[in-house]
Amino acid sequence: MFSVSQNCWFIRKVVTWRAVASIAWSVLLLPVTTTLFVFLVRLSLFHPVQWIAECFALLTAPSTIFPLFLLSGVVLVIGFFNLKYYTVVPSIPCSRVALLAKLLHPRQCVHSLVHCAVGMVVMWCASVIAGVRYRTLSSPCTGSESGSVPETCLNEYHLFFLLAGAFMGYSHSFLGVVQNMNYVSFQIILQYKYMRFKGSLASVVKCGALQSLHSVRNYVALYYFFGHLPRAWILNMLNLQMDSALCSLDSLAGLLDPSLLYHLWISGTFLLLTWYITVLLFRIYVTEPYRFPVQSTFAEDTDQCLPKVLTEKDVLVMKFLALQDLALLARYSPSCRQEVFSLSQPGGHPHNWNAISKECLALLGELTQRLVAHHDTVASNGRAKRPSVSSDARSVSSGNSVMSGAEDLLQTPHPSSIIKTPGSVFKSSMMGLSSPMTVPFTPDLESPFSSPAVRRLAGHQVPPSPWYGSVQSPHVMRRGPKLWSTSTDSQANGSPPPTPAPTPSTLRPEQKSSFLAQWLQNRKEQVKSFLTKRVMIAYLFNKLPEASSQALFADSQAHIWALEGLSHLVAASFSEDKYGVVQTTLPSILSCMLTLQEAVDRHFKLPHASSKPVKTTCSMGDATYKTLRFALRAALKTAIYRITSTFGEHLNAVCISVEHQKRLQQFMEYRE
Amino acid sequence: MCSLALFPPPLPSGQITLYETNNEFVSGKSPNYYEKQITQHWDPPSLCFHRETLKPHSRPESSSKAAFLDHKDTLWMRSAGAWRDAGLSGLLDEITNSAGKVPKWLTMSSGCILALLRWMSSFHGSLFPHLTLSGEEMVAEFSEVLDWLDSAVRSFAWHPHTDKFAVALLDDSIKIYNSRSATAPTLKHRLQRSVSAMQWKPLCASVLAVACHTCMLIWHVDPNSLSTRPSSGCAQVLSHPGHSPVTSIAWSPSGSLLVSASPVDTAMMVWDVAAEICVPLQRVGGGGVTNLSWSPDGSRLWAATPSALFRVWETKMWTCERWPCLRGRCQAGCWSPDGSRLLFSVQGETVIYALTFSHMTGGPKSAAVVADLSETTFTGLDSDLRVGGEVQSLAWDPTGERLAVLLKGNAEISSHPAIIAVFKTRSSPIFELLPCGFVRGEVGAEPRLIQFHSHFQHGALLTVCWSNGRISHVPFYFVSMGRPHSGGSPPLPHFTSKTEDYSTLTLYTEQVS
């Protein structure tokens, strides 16, 4: 994904610089956190004067400089990983096995390994700062009776700290996957960067302290049981000896040392805090709104203008920022709205408005389709569509459906499955901002937005006419070619996802292959029923409740902005649109919104769809995506009401289908 | 500058203000005037909730609670219960009180810590005296409702778009009256206690936000439903630790955000209600936030604090201006319909201030006094009537032509009652308040709460909740300057008994059409 997007001007000119700025700030904040750490870790309540003097001496000592440099290096590495791993659309695993696959993905393994190493480095620095007891790996033995030959013993405290660093690094990386820490969400309100940082600093500190406490607890338990293994290995490798005078740390007496636990906790908090601050600053910088010009006088800048940028499909962060900018300008900036409503010179075409409205409608239409497809699958009780039932087109290729399902597990999307369909209104949006969740296993971390199912959707379900302008309700669409889509319940039965073949283009219905498909389907059912009886497998493959619903709306922030932007623009056009450019698209906008409303309403009738997620306690992971569907539902209603309350009775003159007219009437009477 | 002395004298006691037409208040003896009026328009029901019929919620006092607890419980059980119910101080209290069962040093130390905590909180309380109040007293102190504790109607909210309103009563229930249906749903919820504010979500038909004692409730009242008791499943609970009681809430006019304020929390919360995400906005100073008001154009938010300070937030980037008041805290405030002007009043002063914001010059530098509300005595036939004093609440009608001011009066002196003064407002060439009149209710009833209907067709409609539990609606018939008038003349009320109204009426309508 990044290799594609690396060349994008936006990544080069904006995102990278924002990341650099955020890293620079985190490095600059490092002395502050280090000072705090020094004061806390050297805390001695009974000798306050000595304590302060010692801390100042330590802070000004040249030996502290080197750890600081190391820590800066660590922050650079963490910042780099933030930049490489962040996403604006979370990937939501629908079952435990998918989560496992996500954890074992090579990309994630690299992440974990690097974090382990970096954690050790931080803990080394912390141990150097924390005090004499932790400073070196080896120390002269204290218990040796023969004073003649000073033997070197292992300083287990140092080893304990280093391993704690590795553990915390790994648990940070692990929790990052579980809590979607790499997901960058956009704030509900805009604030200046400093204010945002100041506002969230307290919660970040609290989070770090709590998380560190949990980590310490887990680590101590782990060390109690398995601590002797790494220790023996180190002893062997470095040819050191155990100090017989001190009790070893994998015993209760050794571990229940308050000062050791306190130092470990403070060091862990320091470690997590520096990382969290880096993450926080990165999030704040990346989600800062960016002003895209609506139109440019220079030809070379046109690809940086809003209408062009909105159609972007690879660089999602740019698309999101563009949509955010659209929502903001539609709301706050009359001059920009004028530009949107303006006509081209020469020619007199409302190119800006056409491009913007087309893109927004395409986004919303794509969501509608996704919801309808999902609803169809669930309505058919989770069974994957019989190929013969669904469409002739797939019957040929469905023979290898099981294999392709297995391939899906191995996270190999088929590039060949991209079918360019000229004339498809949805093509661009579906390729670009497609649902990462349409595949239940969201397997592909490299490009989570190129799932085969979506591509199939894009290629396959070309509506008979362009979306807008035509009257289409979900009911109508369902009569079209039935699709395979998120068979969300199929994993509940414990089968590998029955992804049909990714090449549905060949239109050759053959009787023979249909039989083969039937046979395969039966075999699959058998395997499925066999597997569901195994508890472990059922546990792994059971669908997590409401995950599919969350996954369907994972990128809904884009839709919310599109709705806000469109509705504000339409509402403003009532008084500001001199040439009436909006009027021409008003019917399609209304019918698109109403169709989406219908689909959303139907979706919320499904089980688990309207259940609220459990409130997460303090964690650095952003749980915004869990409630995006509710936000979308509210934003959609508000958008429709905004249009109806502005236009009022005039909407009766708008030419839309009778069904939608009725629905609109409900909105006009405030009965929805 | 306008002062109360310029007002026409208030009606003699026994006369009730019915409506305004032709720049004059028309009075009558009976409050049941409204039913005889215009038929094509919905008549908002004039309701009456008698104080006696409403049973206030009996709250389990913490002192009486111990009587019901099983004292045979082990200390640990009781400590755990105390921790759950009252937090750290409860736990310490429990330990201190159970001397003999715990080691002496534990009793001693917990007693010391408790004393220290109390000392610290009393110190904090001396900085911000309002923190020593109990939850209900605090709501009563900062509410825009006069004498909230004793009021039968605790809160009132017109829907911004339709003819629908919600009334919160003393017994912690909310009733919703709708022009289209005869059913009046009653909302009750376990957490819905001491309702201090309500507001309907703009650009939505069904969502009502309710500020309660411990949390906020977001009710989804389906307008098509025939149910009279929507289940508590229709309510969404929003709470944030340390953010209760909530005394004021404000929806953004675009319907996307909700802001809530609590006098004990220095941060005000900006909620994305659907997603249940909140962003605290914290600034130093003030010691809490008591009142909120979002300007109708959505660009600014007024936030009062318990100290002599209020803030005006700009809602795009959420920066704020500090406005220190000299005398006391800001009691009431309201925005002009275009969001360019803020009127507010300060406790301890008997004037109304105005702040004018414009896009060009940024913010104003100082507030101007626009009305003087100092005490004035009107000599009546039988007795003198003193009018004036501090302001309890302000309400500006959506057309920007009438300003209703609820004056506190003095509860001890019977000749100085609370009263509603209505001003006409004019914004060009200069902003001015002109006297209009006083609104009087039945004998012995004093106004508690005022609110304007949000889209009354023929002028403005002021809803007043009285101390005797009556909710009455006082229409002001006029032709608005700003609003394009499409429907010809405003349908004026027909009173067969009042022939003199007819003569002036025709003249007036001819002038208009």
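Placed from the backbone N, Cα and C atoms, the Cβ positions cover glycine too.
A Cβ distance under 8 Å defines the sequence-distant neighbours of the transmembrane segment (A:20-43), meaning residues of its chain 6+ beyond its ends; these are 51, 54-55, 58-59, 64, 67-68, 71-72, 75-76, 79-80, 126, 129-131, 263, 266-267, 270, 273-274, 277-278, 281-282, 284-286. According to TrEMBL, the feature transmembrane segment maps to A:20-43 (among others).
A Cβ distance under 8 Å defines the sequence-distant neighbours of the transmembrane segment (A:55-79), meaning residues of its chain 6+ beyond its ends; these are 19, 22-23, 26-27, 30-31, 34-35, 38-39, 42, 114, 118, 121-122, 124-125, 128-129, 274-275, 278-279, 282. The transmembrane segment feature in TrEMBL is assigned to A:55-79 (among others).
Residues of the same chain lying 6 or more positions beyond the ends of the transmembrane segment (A:116-137) and with a Cβ under 8 Å from any Cβ of it are 34, 37-38, 41-42, 58, 63-64, 67-68, 70-71, 73-74, 77-78, 154-155, 157-159, 161-170, 172-173, 234, 238, 263, 267, 270-271, 274. The transmembrane segment annotation in TrEMBL covers A:116-137 (among others).
Here TrEMBL flags A:157-178 (among others) as transmembrane segment.
What TrEMBL lists as transmembrane segment is A:260-282 (among others).
The feature region 'Disordered' is assigned by TrEMBL to A:379-401 (among others).
Residues or ranges marked as compositional bias 'Low complexity' in TrEMBL: A:388-401.
Under the heading region 'Disordered', TrEMBL lists A:480-509 (among others).
According to TrEMBL, the feature compositional bias 'Polar residues' maps to A:484-494.
Remote same-chain partners of the transmembrane segment (A:157-178), defined as residues 6 or more beyond its termini with a Cβ less than 8 Å from a stretch Cβ, comprise 99, 102-103, 108, 111-112, 115-124, 126-127, 130, 133-137, 211-212, 215-216, 218-219, 222-223, 227, 230-231, 234, 249, 260, 264, 267-268, 271-272, 275, 619-621.
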